Amino acid sequence: MPIESGSCASARQAKQKRKSHSLSIRRTNSSEQERAGLQRDMLEGQDSKLPSSVRNTLLELFGQIEREFENLYIENLELRREIDTLNERLAAEGQTIDGAELSKGQLKTKASHSTSQLSQKLKTTYKASTSKIVSSFKTTTSRAICQLVKEYVGHRDGIWDVSVAKTQPVVLGTASADHTALLWSIETGKCLTKYVGHVGSVNSIKFHPTEQVALTASGDQTAHIWRYIVQLPTPQPTADCNQMSGEDEVEFSDKDEPDGDGDGCGDCPTVRAPLTSLKSHQGVVIAADWLVGGKQAVTASWDRTANLYDVETSELVHSLTGHDQELTHCCTHPTQRLVVTSSRDTTFRLWDFRDPSIHSVNVFQGHTDTVTSAVFTVGDNVVSGSDDRTVKVWDLKNMRSPIATIRTDSAVNRINVCVGQRIIALPHDNRQVRLFDMSGVRLARLPRSNRQGHRRMVCCTAWSEDHPICNLFTCGFDRQAIGWNINIPALLQEK
């Protein structure tokens, strides 16, 4: 009998507690409504330059936000009541077993079991509501194997762009804020040639499709075309780097940066003057590329225009206008006379030069912040990256909406697409480099630890599909470029 009366007393206390909670909620709701009404009256009484319709809309939106928080608060109270009820039930059960008190060890075991059940219940309740958010960051079970092969160290400032030569001998090119462009041996990491013709930051480098000629864009408002002659050194055996999956990561300090002098770039051959200088822009030339065939070149500038030049005569053929703000990048189609330009005005534009008499333009409006780059892929697809932390795949025949959207946790810089394997490499402001397929499925994240990977913002990526050692290159503001070997499982390639 004493046990039963104790149980009844506990039940009455729980009932009174629930009743008091309900009353407190109603009081809270009424007081909040009164406060909201007072705030509304105060706002309506104040002088404002906003139209009344706009103010009413804002007040309604703020009211909706307040109601959402109120609902969350009520749900929190309900959960707390459930926890109190479970604790009271556990205490009551502990008193009724065999008509005697449980030992502390038995009570602790039973409480632990009840707590684990409650924890599982809460996880199950919230799993459905968070699954949509988490799904954007999930990766496939079959991950790509990413191995660091070589580091290219020698610049004295951040590296903005990286590119791979299309002709033999295959070399790596880097463009840096230290006013130089360097050519590297991919196998040995040795600097082969230094170009010092610019008097401003070198923002872009691209190689001619058939000749040993490079095109660089600079902050000195010019683009230079210059010839190089390199002789590859004998490859040296490289240290075996441990293979790491794309998810391994250890944080480290920005102090662990490579020295600017690097691997003896001071004694490599130097090119001091260009073959041709393209000088029609009134602002920083942020990027440049060769039109198919290599007889024309296109440049993108902060003066909000892109220019098309004749390489042989250096004459301006067309000035492409239409962007409302500074351009950030330009890219040409590998097989057709098409150009795509991206801008800070949140758009990118497609320019068609296949018919000399028609230079049609299509505007793609799918981002909410600066479009940092837009590049061509296989067929009629374009991939764009933005500071709004998204990457979108577009069909040139349908500009209304993207066919795939990749959402990330950091701004995206100059992207590059592996045409053969249809893989997108995304360099981020947060020092990460992630790999996705064209449908938006994440394949891997490149290793970043205190021993390897970039230590600051990653600015650009470049694929080299035919090179036997390195098939992906990255560069960043930590003054180094890195060569990677990316092994994509056959299952992922089929997808």
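Each residue, glycine too, has its Cβ placed from N, Cα and C.
All annotation found in TrEMBL is predicted automatically rather than curated by experts.
The annotation coiled coil is assigned in TrEMBL to 69-96.
Positions annotated as compositional bias 'Polar residues' by TrEMBL: 22-31.
What TrEMBL records for 246-264 is compositional bias 'Acidic residues'.
Annotation comment: TrEMBL describes 1-36 (among others) as region 'Disordered'.
Residues or ranges marked as region 'Disordered' by TrEMBL: 243-268 (among others).
Averaged over the repeat 'WD' (152-194), the predicted model has a pLDDT of 96. TrEMBL lists 152-194 (among others) with the feature repeat 'WD'.
According to TrEMBL, the repeat 'WD' annotation covers 195-226 (among others). Outside the repeat 'WD' (195-226), and at least 6 residues removed from its termini, the chain residues within Cβ reach (under 8 Å) are 157, 160-167, 173-183, 270-279, 281-290, 292-294, 297, 299-301, 309, 311.
Positions annotated as repeat 'WD' by TrEMBL: 278-319 (among others).
Long-range Cβ contacts of the repeat 'WD' (320-361) within its own chain (Cβ-Cβ under 8 Å, at least 6 residues beyond either end) map to 283, 286-292, 298-308, 367-376, 382, 384, 386, 388, 396, 414, 419. The repeat 'WD' annotation in TrEMBL covers 320-361 (among others).
Counting only same-chain residues 6+ beyond the ends of the repeat 'WD' (364-404), those with a CB under 8 A from a CB of the stretch are 328-329, 331-334, 338, 340-344, 346-350, 410-417, 419, 422, 424, 426, 436, 438-440. Here TrEMBL flags 364-404 (among others) as repeat 'WD'.
Here the repeat 'WD' (278-319) has Cβ contacts under 8 Å with residues 161, 200, 203-204, 206, 208-211, 213, 215-219, 221-225, 325-337, 339, 341-343, 351, 353, 359 of the same chain, all six or more residues outside its ends.
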